[in-house]
Amino acid sequence: MVNAGDMNGSGNLMDFLDEPFPDVGTYEDFHTIDWLREKSRDTDRHRKITSKSKESIWEFIKSLLDAWSGWVVMLLIGLLAGTLAGVIDLAVDWMTDLKEGVCLSAFWYSHEQCCWTSNETTFDDRDKCPQWQKWSELLVSQSEGASAYILNYFLYIMWALCFAFLAVSLVRVFAPYACGSGIPEIKTILSGFIIRGYLGKWTLLIKTVTLVLVVSSGLSLGKEGPLVHVACCCGNFFSSLFSKYSKNEGKRREVLSAAAAAGVSVAFGAPIGGVLFSLEEVSYYFPLKTLWRSFFAALVAAFTLRSINPFGNSRLVLFYVEYHTPWYMAELFPFILLGVFGGLWGTLFIRCNIAWCRRRKTTRLGKYPVLEVIVITAITAIIAYPNPYTRRSTSELISELFNDCGALESSQLCDYINDPNMTRPVDDIPDRPAGPGVYSAMWQLALALVFKIVITIFTFGMKIPSGLFIPSMAVGAMAGRMVGIGVEQLAYHHHDWIIFRNWCRPGADCVTPGLYAMVGAAACLGGVTRMTVSLVVIMFELTGGLEYIVPLMAAAVTSKWVADAFGKEGIYEAHIHLNGYPFLDVKDEFTHRTLATDVMRPRRGEAPLSVLTQDSMTVEDVETLIKETDYNGFPVVVSKDSERLIGFAQRRELILAIKNARQRQDGVVSNSIIYFTEDPPELPPNSPHPLKLRRILNLSPFTVTDHTPMETVVDIFRKLGLRQCLVTRSGRLLGIITKKDVLRHMAQMANQDPESIMFN
């Protein structure tokens, strides 16, 4: 036996792990965090700061700084996200116009800015000014004719290919994580998954630069989804400057939730919609404190963007509209039809896009990302140029489709036949018969609609930043504008029909086609993403059309019902499942009558569970167990015979603890006994120093009995954010259920491939 003197002498050595050591409490890449442990660690930290603050003035000031650090981080995120969004908007405007021509007075001006400064612009030809020259005018001094058209066409394609090639090359070489929309991964990260580098500085830089390039190339994608990723990268960067967030993954995710809100705030100029988007669509854990901070971050971001004024109209909103006619109850029928169209389009898009992305992952196509981007860009540019509605940027297209036809509009969509005897105020123009411009615009819109539907399926998911909000809205806006013009002409020519008689008299302004475009845009975006509340709020903040909430709500709810009838998954959840991320969706219902014993490991016929004993295993035994298995942690039991549960030790912390002990504590060798109890075990004389690892042991692991229904287990995993749960019977350890086991069981019950869940 070791005598009392030896024991006391080695006591300090054995307890050295009562002091924290580097990297303890951190997680490996592609693993899930333990929410309960992170919450408990933050509570301990807060308790320590509160007790110390009473000791001195300096400690009190430090506690105040700690309390305010959250608001400082939100301020910094809002400022940086707003600035980046403003710069991206300005750069996209300039580079989109660069494909068609250049401003001679200042080459960094976009077409619109160039003609603002001109004194020679007439109202009828407001888009034409001598300072802005198309490439054909600059190179061959011709603005009209076949040769000028062909040269402009060729250079449009070349610029588009150049931008797309540069973007995909930058992503491939410097930041592979900068591709895609980023929202599926942000949702997964916010649910507690670790993807190192996904929110890093390189990703932030490359995503910002390549986002400008791909949107300018004319591909059918938007910048709104990627702006959420950019804002979350800002959030990750600033949270790493404060130990409160950098050392606690749970707290860091509160910052990222607020950053996502700031991202939507600057993407659409919709701060309240951003907060609701973060709450409804991306966040997993959203306490009230995070709601206030999200609101503040979204406010600062929107204010910063407004100060930069990238749209040049002194407005924060992207597609500001002013309609002069109220909507009528009879119009709810076409609005609901647009909702049905949005739901069907959402279902079609999700199924086709996922099938194409799966093909990309499983065939040789995935080995040639640069070639794929070049081919899709070339096809897009070749087909888009001849049609004026696909040639311009998608945001400009949506803006024109939302517009009401005033007396000063020069768009083809407003080419109505005017009554020469009309003496009306400018704002109140009655419904008129459509002119030839409207009919040709309808044909062009129909062709543009088919093209957008098809090309967006192949574009979303390529190895470049690609958002889905704007293309989805464009599809809905085109369909909506066409329906709106149809209803308007029907009301004009058949105002004596019973449905029009009450509210549409001859010479009255009854139907607003722009409103139908707005409702169609909301319906299609809702059908793809399955958003409802945040979608309606974003739409009315985006357009300023507050009195049209009811039509927007009717369309959003209808599109969600129709789309849900074909499958509950939105596009982001579908991409999460495609990539095999361990995301336990709150919206999924588990209704099967299985028990914990059916899911736990080990199953019948499998090797027994790998466990640690509380005081009988050597350092070598533990190192061998770690080397031979790839489990994230090990239950600790009294002994192999009794299997009474003591606690749970994480694999990573065992490795770090043993490594640190070998470096810092003399006498720890391979045959040193490891013990997890408060007091050391009784050892024979001259045996090596034992190693106490009680500090890294979780003494209150979450346990369920073997007869707990899986419905309850799934709820526990969802609501508490567990990594694993131990299964016991009368205190004896029977097995373990991990988050991966739960997800695989749910996939199996839904007749899906359980092996598609790839990560822990």
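Backbone N, Cα and C atoms are what each Cβ position is placed from, and that goes for glycine too.
Residues or ranges marked as domain 'CBS' by TrEMBL: 600-664 (among others).
Under the heading domain 'CBS', TrEMBL lists 697-755 (among others). Taken together, the residues in the domain 'CBS' (697-755) have a mean pLDDT of 89 on the 0 to 100 scale.
Taken from TrEMBL, the feature transmembrane segment covers 68-92 (among others).
Residues of the same chain lying 6 or more positions beyond the ends of the transmembrane segment (153-175) and with a Cβ under 8 Å from any Cβ of it are 95, 98-100, 135, 200, 202-203, 205-207, 209-210, 213-214, 216-219, 369-370, 373-374, 377-378, 380-382, 385, 391, 462-465. Marked as transmembrane segment by TrEMBL: 153-175 (among others).
Positions annotated as transmembrane segment by TrEMBL: 195-215 (among others). Away from its own ends, the transmembrane segment (195-215) comes close to residues 29-30, 84, 87-88, 91-92, 95-96, 163-164, 166-168, 170-171, 174-175, 177-178, 182, 185, 188-189, 221-223, 226-227, 229-230, 232-237, 256, 393, 464-466 of its chain (Cβ-Cβ under 8 Å, at least six residues beyond either end).
Panel annotation: around the transmembrane segment (227-243), residues 69, 72-73, 76-77, 80-81, 84-85, 88, 181-183, 185-186, 189, 199-201, 203-204, 207-208, 211, 251-252, 255-256, 258-260, 262-264, 266-267, 282, 301, 465, 467 of the same chain, lying at least six beyond its termini, place a Cβ under 8 Å from a Cβ of the stretch. Residues or ranges marked as transmembrane segment in TrEMBL: 227-243 (among others).
Per TrEMBL, the feature transmembrane segment maps to 255-279 (among others).
When Cβ-Cβ distances below 8 Å are used as the criterion, the transmembrane segment (332-356) is approached by residues 453, 456-458, 460-461, 472, 475-476, 479-480, 483-484, 487, 516, 519-520, 522-530, 551, 554-567, 569-571, 574-575, 578 of the same chain, each at least six residues removed from its ends. If you look up TrEMBL, you'll see 332-356 (among others) marked as transmembrane segment.
Non-local neighbours of the transmembrane segment (368-385) in the same chain are 153, 156-157, 160-161, 164-165, 167-169, 172, 217-220, 360, 391, 451, 455, 458-459, 462-464; each lies 6+ residues outside the stretch with a CB under 8 Å from one of its CB atoms. Taken from TrEMBL, the feature transmembrane segment applies to 368-385 (among others).
Through the fold, the transmembrane segment (441-461) approaches residues 180-181, 219-221, 345, 348-349, 352-353, 356-357, 360, 376, 379-380, 383-384, 387-390, 397, 411-413, 415, 468, 471-472, 474-475, 478-479, 481-482, 485, 571, 575 of its own chain, all at least 6 residues removed from its boundaries and within a Cβ separation under 8 Å. The transmembrane segment annotation in TrEMBL covers 441-461 (among others).
As annotated by TrEMBL, transmembrane segment applies to 468-487 (among others).
As annotated by TrEMBL, transmembrane segment applies to 515-540 (among others).
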Counting only residues 6 or more past its boundaries, what in the same chain has a CB within less than 8 Å of a CB in the transmembrane segment (255-279)? 70, 73-74, 77-78, 81-82, 84-86, 186, 189-190, 199, 223-225, 227-232, 234-236, 238-239, 245, 285-286, 290-291, 293-302, 304-306, 315-318, 469, 531, 533-534, 537-538, 541-542
